[in-house]
Structure formats: C-alpha cells, structure tokens
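Participant: What TrEMBL shows for this protein is this:
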- 1-19: compositional bias 'Basic and acidic residues' (COMPBIAS)
- 141-183: compositional bias 'Low complexity' (COMPBIAS)
- 184-210: compositional bias 'Basic and acidic residues' (COMPBIAS)
- 211-223: compositional bias 'Basic residues' (COMPBIAS)
- 1-33: region 'Disordered' (REGION)
- 141-223: region 'Disordered' (REGION)
Amino acid sequence: MVPHPDDQPVSLRDAETARHIARAAARGGQAERRPTLDQLLAAFGADPADPAALRRVEAALGLAGVELPDGGLATAAPGARVELRVRAVDPGSRGTTVRRAVVGVGALAALVAGVAGASTVVGGADGGGTRVADALPAATTTDAARGAAATTGARGTTGARGSAATGARKATATTTGPTGPSAAERREAARKAAAEKRRAAEKRRAADRRAARRKREARRRAAARKLVTVRLTPAAATYLCVDDGAGRQLFAGTLSGPRTFKGRRVRLNVGLASTAVTVNGKPYRLSGSPAGVDISRAGVVPLPLGNRPC
C-alpha cells in the first residue's frame, strides 16, 4: 500500500468527502470498496491530469484512514478500479492536527459543494452503481452538519438561522393560498340563491291565490245553499208585492208575466191563487186569493193578514 504524504494540507471539504468515502468502503460492498479512478476523483472534483490534485485526494483519503494500492492514484489507468482499504486512525496522528481546519468560513461554502460531490456514484463499471451518500447511515449527514456548524461560528450560525426562517416563511407563503370560491363562483352562487328565493316566493303567492279562490268558491256555495229561488207565473194579470223579510221591497205592482226572486228570505203577497209558484224548482200551491207566504230554506210559512208585505 502507498504511504500518504504527511505534509500535504487537507481542506475541510476534502476531509469530509474522504470520511464519507471511508465509511462507504468500510460498510458497503464491492462497488464501494473498488470504485473507478474517474468516480473517485469526481467525488473530490479533482482533475485526473493534475498531479497536485491527485496528491490532494491521496492526502484526504489517508487522513480518513483509507489505504490505496502501491503507486497511488498516479499509476492507476483511467477507468480502472481502485481498491480501497480502511484502517483505524490513530487519534494522535496527523488526522488530529491543525491541517484538518486550514480553511475558515470560505470552506463552509466549499463543504456544501463537497457533500454534493461526495454523492457522486461510486462503483459500477458502466458508470452506474451506488451513490456514496446513499451508502452511508443516516447519522453521517447529521455529523457533517454538526461539524460544519462548529466551524462557522456565531456569524455563520446566525446567517443559517436567518436563511432557514426565510425559507420557512417562503414555504408557508407558497403552501398557504386562497381555498374559498372565486369571485365569479360567489356571484354565480348568489344569483342562483336569489333565483331560488324568487321561485319559492312565487310558489307561496300562487298557493295563497289558490287558497283564497277556494275560500271564495266555498263561501259562494255556502251562500247559494242558503238562498231560495221563487218563480211566479200568473195565469192572468194579478197584484203582487214582494220583500226580503228585512224591510227591503223587491216588487210592488201588477204581475203580468213570469218573474223570479232570489234571497235568503222571500215574502209574497199574491192577489190571485191561480198564479203558479215554484220554490227551488218545486211547485207550491197558494191556498187562497189573496195569499201571503214567507219562504226561506226552512220552508214555506203562510202569512196572516196584517203581516203580509205592502
């Protein structure tokens, strides 16, 4: 196995990327333990033609406890697989030196890109395979975020909180919107409600008119049942006097032709008994000349002299 240079500084970004790759190689399968050279360099954003970039990758992997084949990355052919062996890291070794934190706040932004770069596919001869970040346990991302927060300090933390709050407000504004009906829908609903109200009012008015008509007809029928119809047909011209029993005179004079009277009560004073009389279509025979009668729905009652009309 090739030794790793101890004098090569390692950025925070490269250290984090190497740590992810080491975990994936230690816990994953063949695809994680034997990535291609191109995949390995792409995770660090390194140029295969740049020897300094190759040394930077080797130093970062060595810091993470990853041993490379003899000759290092410089002897590996493009597309060839590189076997990664993970060894335990001595806490007192160079991994704990100041080289781990040579970058400051600027490395935080690079760390974000580095984590994304670490998600590059590791393994698979055809460029496919398992993403390094997918092969790591869930706690890895939490550890990375916790380490980044410790590096940035109070100012970076405040900015992150502000960004998170702004994002939350934007998310709230995006997801929260009008859920009620539109103005056109409200107008249409109001129009339909008004039309339904008018139809209901018209139905009530029509029902009231029908009820009033039925009441009038019932009253007319009831009144008709209380009336009497008296028809007189004289055999010869005769004297006749008629009133309604309430003092109102209906006829007084000579009757020379048929005549009909209607009312709740009809009182007659007829000169000749030969005059034909019908009550509601039924014949009634006068008892003498002159004759007086009081006719109502209760029947026909003869009237004595002195109580007759006129």
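Using the three backbone atoms N, Cα and C, a Cβ is placed for every residue, glycine included.
Burial and contacts for the listed features, if you can.
Facilitator: When DSSP labels each residue, the compositional bias 'Basic and acidic residues' (184-210) comes out as 27 helix, 0 strand, 0 coil, counted as helix, strand and coil in that order.
Remote same-chain residues near the compositional bias 'Basic residues' (211-223) are listed as none (criterion: CB distance under 8 Å, separation of at least six residues from the stretch ends).
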Participant: Run through the compositional bias 'Basic residues' (211-223) and tell me, per DSSP, how many residues are helix, strand and coil.
Facilitator: 13 helix, 0 strand, 0 coil
